[in-house]
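This report concerns only the one structure given below.
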Amino acid sequence: MKQLLDFIPLILFFITYKLGGVREAAIVLVVATILQIVILKWKYGTVEKQQKIMASAVVFFGLLTAYFNEIRYLQWKVTIINGLFAIVLLIAQFQFKTPLIKKLLGKELQLPEKAWNTLNFGWAIFFIICMLVNIYISHNMSEEAWVDFKSFGIIGMTVIATIISGVYIYRYLPKDGSNSKDGEK
């Protein structure tokens, strides 16, 4: 249910953009995002920090987009958020020697430190790629092409990155079905 709720504002944004325009789509995105947070709080009693940050960014940049009737503000959001994710992952790994991916998934997975570092770095690179592709598309293609990319391209890229991560993680999983921590390679 939570994952489905994450896509509803994006789907509504896409449909509204195709039927109306950027201002209407931005307003629908902001309202749907606020409702999403309210529903999550009501149904689950809490909203994750990352979701609050993302919702705040959507509301801020969505309102700017609606007010000025200019999509570039939502385009900036994608660039800024992906850039921030990459920076946070890289600073945590190289400055603080703590791969954040391990903090997120470490309770579910037992991996060697090298694997956590590789995953963390890989996701940082992924966010940099998303940021750069977003910049390229927003500056060199039509507004409609950017909306299509935002609605489907980033999701496709995320699915591919997740599959690559899964394949990478698989090599470190225990082969006998046990949950031991001695799967070092």
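Including glycine, each Cβ sits where the backbone N, Cα and C put it.
Among the features that Swiss-Prot reports, transmembrane segment is placed at 19-39 (among others).
What Swiss-Prot records for 53-73 (among others) is transmembrane segment, and it gives sequence analysis as the kind of evidence.
Annotated transmembrane segment per Swiss-Prot: 76-96 (among others), in sequence order, evidence recorded as sequence analysis. Proximity of distant same-chain residues to the transmembrane segment (76-96), defined by a Cβ-Cβ separation under 8 Å and at least 6 residues beyond the stretch ends, is recorded for 54, 57-58, 60-62, 117, 120-121, 123-125, 127-128, 130-131, 134-135, 138, 150, 154.
Sequence annotations record features per position, and here Swiss-Prot assigns transmembrane segment to 118-138 (among others). Distant neighbours of the transmembrane segment (118-138): 72, 75, 78-79, 82-83, 85-86, 89-90, 92-93, 99-102, 111, 145-146, 149-150, 153-154, 157-158, 161, 164-165, 168-169; these residues of the same chain sit at least 6 beyond its ends, with a Cβ under 8 Å from one of its Cβ atoms.
The transmembrane segment annotation in Swiss-Prot covers 149-169 (among others). Counting same-chain residues at least six beyond the ends of the transmembrane segment (149-169), those with a Cβ under 8 angstroms from any Cβ of the stretch are 10-11, 13-14, 74, 78, 109, 111, 115, 118-119, 122-123, 126, 129-130, 133-134, 137, 141.
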